[in-house]
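Colleague: To start, I am sharing the structure in question, which I have written as structure tokens.
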Amino acid sequence: MAALIRCCSSFSHTSGGQPPPRDKSRAPEIGKFATSIGYSVVRKPGDHPPFSKIIHSSSQPKERQGKGILQTPFASVGSLDKFSAFEGIGRLKLPVMAVLLTNSLQMATPLEALAAEICEPESSMFSMPILLLVALIGATVGGLLARQRKGELQRLNEQLRQINAALRRQAKIESYAPSLSYAPVGARIPDSEIIVEPKKQELISKLKTGKTFLRNQEPEKAYTEFKIALELAQSLKDPTEEKKAARGLGASLQRQGKYREAIQYHSMVLAISKRESEDSGITEAYGAIADCYTELGDLEKAGKFYDTYIARLETD
């Protein structure tokens, strides 16, 4: 409200100049209008520019005539007189204008609030089914995955218990006759009389060195030794030593945490055994591959290899 009246004051200052000509024919009507709202208009002829004193007609006109100019906190009466279209027209009290503008604002504001209240439920009603559908799908998928994971873990634990039981049985059997030898009776040939090729001797040396490094928890050095041994075994076309070198490479990579590369070398052991129709070392290869898949989190493949490993432990 204060902002509107200030704008009016500034407009009156900028308009300036002489007041518009007075319409004498409407003077009686102006007097009646001023008297009806409880104010009288007093004109001082000597002042320039002309202004009006607004004096209340119902209470002590003489006392108010001396100090009867209407005081307002917004703008001077002289500046408001310049803005008036007719000289000498009395003004309504400012609180009356404030009440009118306030009522108009109050009539407009509730409509906007009502429109906002009407729009909000529509958007929320449209969005709630979508949110509920997304939450329902997420809960369903999460429950299925958790149930599947739980079943795989239970199956894996059962397989590990079977492996431990088979290993304990095998250890008991071996403890009955630890010094029993199934080699034929005969004189042992001294090592000095055994003729070994230089490459074969180097191959055996690399395999022993690699095992020593594995035993000493040095898998990087063991990998280097087993790699050379594998190349020598392949050049000599010795499948038995080739499987030993491949098994050593898989073990060294497995201890370094390189499980996918380790699976490749353990699978090489299985391929050589299948090619040569010779089963030595494949039981350990199945168990090592299952361990690698377990570390990678692929429990389904790990379970398959554990099943094969358990079956071979029970038949060996």
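Cβ atoms here come from the backbone N, Cα and C positions, even for glycine.
Quick caveat, the model's predicted, so the values are computed rather than measured.
As annotated in Swiss-Prot:
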| type | residues | note |
| --- | --- | --- |
| TRANSIT | 1-26 | transit peptide |
| TRANSMEM | 125-145 | transmembrane segment |
| REPEAT | 243-276 | repeat 'TPR 2' |
| REPEAT | 283-316 | repeat 'TPR 3' |
Colleague: Which sequence-distant residues neighbour the repeat 'TPR 2' (243-276)? Criterion: at least 6 residues beyond either end, Cβ under 8 Å.
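Modeller: For the repeat 'TPR 2' (243-276), the sequence-distant neighbours (Cβ-Cβ under 8 Å, at least 6 residues beyond its ends) are 206-207, 210-211, 213-214, 217, 219-220, 222-223, 225-227, 229-230, 232-233, 282, 284-286, 288-289, 291-293, 295-296.
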Colleague: Under DSSP, the repeat 'TPR 3' (283-316) has how many residues in helix, strand and coil?
Modeller: 31 helix, 0 strand, 3 coil
